Amino acid sequence: MDVHVADHPLIAHKLTYLRDKRTDSPTFRRLAEELMTLLAYEATRDVRVEPFRIETPVAPTTGIKLSNPKPLIVPILRAGLGMLEGMVRLLPSAEVGFLGMQRNEETLEPVTYANRLPDDLTGRQVFVLDPMLATGGSMADAIHYLLDRGADNITAVCLLAAPEGVAHLEASLASTDIPVKVVTGAIDERLNEKGYIVPGLGDAGDRLYGVVD
Ligand SMILES: O=P(O)(O)OC[C@H]1O[C@H](OP(=O)(O)OP(=O)(O)O)[C@H](O)[C@@H]1O
Ligand SMILES: O=c1cc[nH]c(=O)[nH]1
Ligand SMILES: [Mg+2]
């Protein structure tokens, strides 16, 4: 598994405001979207392309265009939804599928409660969006689900990751040779006893959309 920590002062600047507990929901939503657009540049570095013959007003030339089938973007509900707009801005022709997952806050085990994805993902390149890679359980389940349906190239995009989550994901993918890449804005210090990323930003879903019980 390839892990890329985006190292850019604008990303660090926006992450700082995202982490700040004084940042309100509208600002948090805007920052999450902007951060995704910056991370998308790195996450799409290996997007599949093919040669494309065109004529400029001056001469014929060969450029490139996105290959078919177009990539599939999968935000993990709820919090991943806050990154979707920032990603489709750069990849407007991509398809979007949805996975709804919620971590049981007692056991820290993920539960999948919604799925709106194509059944057959054979040969598809997939970008999975979730701001938080904490224990890594939710992302590992999501990626295995996509691999079982035939996805053959997966990039997970997170705003923040914990070292424990990165290690768990890597171990859970040890038996696959399908390329999986993680692009994250930062790798924080650790998880606390409640499975929250430290220093982190708190509960991303609640900060985006409010507290629901
Ligand atoms: O790495 P893990 O330990 O599995 O934790 C990370 C998951 O927790 C959060 O979702 P949450 O369960 O809070 O759902 P929400 O997006 O609806 O708030 C987050 O968006 C990830 O999906
Ligand atoms: O720190 C964390 C861990 C899991 N989910 C979140 O939203 N934040
Ligand atoms: Mg949440």
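Please read every residue number as a count from 1 along the shown chain.
Positions of Cβ are set from backbone N, Cα and C atoms, glycine also.
Feature annotation from TrEMBL assigns 5-phospho-alpha-D-ribose 1-diphosphate binding site to R78, R103, D130, P131, M132, L133, A134, T135, G136, G137, S138, D203. Long-range Cβ proximity for S138 (5-phospho-alpha-D-ribose 1-diphosphate binding site), meaning a same-chain Cβ under 8 A and a gap of 6 or more residues, is found for I76, M101, R103, P110, D130.
Per TrEMBL, the feature uracil binding site maps to I197, G202, D203, A204. Around A204 (uracil binding site), a 10 Å sphere centred on its CB holds 25 further CB atoms from the protein chains shown.
The domain 'Phosphoribosyltransferase' annotation in TrEMBL covers 5-210.
Apart from I197, G202, D203, A204, the uracil site neighbourhood in this chain, defined by C-beta within 8 angstroms of the site C-beta centre, holds P131, M132, Y196, G200, L201, G205, D206, R207. Each of the binding-site residues G136, G202 was scored by the number of other CB atoms within 10 A of its CB, and the lowest score belongs to G202. In the shown protein chains, 26 other C-beta atoms lie within 10 A of the C-beta of A134 (5-phospho-alpha-D-ribose 1-diphosphate binding site).
For D203 (uracil binding site) paired with G136 (5-phospho-alpha-D-ribose 1-diphosphate binding site), the C-alpha to C-alpha distance reads 15 Å. The binding-site residues near ligand 1, defined by a Cβ under 6 Å from one of its atoms, are A134, G136, A204, chosen from A134, G136, I197, G202, A204.
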